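To keep things clear, I will list the structure first and then write my remarks on it.
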Amino acid sequence: MDIERVEQVRAVERLAHRRGLALMPRAGLAAADFVAARLPAGAQVLALAGPGNNGGDALVAATLLQARGYRVAVVMPAGPARLPDDARRAWQDWCAAGGQASADLPAHAPALVIDGLFGIGLARPLGGAWQGLIDQVNAWRVPVLALDVPSGLSAASGQPLGDPPGRPVRATWTLSFIGVPAALRAPGAAAWCGQQHLSLLGLTPAFLAEAVGPCGQATATAARRSGP
């Protein structure tokens, strides 16, 4: 079945958590495989890791790509102090692999950027510092892989966040996990999302259907009634 609303994605995530399924390693692997299919080993990759689980996905991808021979740099403007648990584990794995992070963008553009700053949960306008960083990334005009949604774009409306609207990451590709919110398929979103791709993270249609309920409505009860 198609997952087309943010609340449906959240319902799937809740059920996965209830079942003990770790989705972040799967998302990071999907992102790393996506990059590896389009960029030769040894190339420079910059992973932008934000303060939430989207940043954790980017950190997993960074760790895997470094292990495959890519030259990977990580930029974490907000630092690791307030990362949620799963993302913190991804940060610890990155550090254990010898990785470091900077708060600032490098002086020179990489071959490819992974945008893991903000995901589908972002509902507020970007602040000035975040907007400045995104503007610099866009000015590089290098390929950008956005995870879930280009940072600064509303997954609910498909429009840039803010009034006046901000300037989201301009992605070459957007790799959505579990489902693609319908708003991201709207014509106005295409300029920011680039080519749309979807990874189901190995979840079966039956699992997705159970998570969102018999009528396709995302409900917490689907997660609550399922044992581990």
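For all residues, glycine too, the Cβ spot is worked out from N, Cα and C.
What Swiss-Prot annotates here:
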type	residues	note
DOMAIN	9-209	domain 'YjeF N-terminal'
BINDING	Asn53, Asn54, Gly55, Gly56, Asp57, Gly119, Ile120, Gly121, Leu122, Ala123, Arg124, Pro125, Asp148	(6S)-NADPHX binding site
BINDING	Asn54, Asp115, Ser151	K(+) binding site
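DSSP gives Asp148 ((6S)-NADPHX binding site) a coil state; it is part of no helix or strand. Around Asn53 ((6S)-NADPHX binding site), the C-beta neighbours below 8 angstroms that are at least 6 residues distant in the chain are Met24, Pro84, Asp86, Ala87, Gly119. Ile120 ((6S)-NADPHX binding site) is surrounded by 23 other CB atoms, counting those within 10 A of its CB over all protein chains shown.
Within its own chain, Leu122 ((6S)-NADPHX binding site) has Val149, Ser151, Gly152, Ser154, Ala155, Leu161 as residues 6 or more apart in sequence whose C-beta sits under 8 angstroms from its own. Each of the binding-site residues Asp57, Asp115, Asp148 was scored by the number of other CB atoms within 10 A of its CB, and the lowest score belongs to Asp148. Gly55 ((6S)-NADPHX binding site) and Asp115 (K(+) binding site) have their C-alpha atoms 8 Å apart, to the nearest angstrom. Summary of the K(+) site environment: with the site residues Asn54, Asp115, Ser151 set aside, the chain residues having Cβ atoms within 8 Å of the Cβ mean position are Leu48, Gly50, Gly55, Ala58, Gly116, Leu117, Phe118, Gly119, Ala146, Leu147, Asp148, Val149, Pro150, Val169. Annotation note: Leu122 ((6S)-NADPHX binding site) sits in a coil segment as assigned by DSSP.
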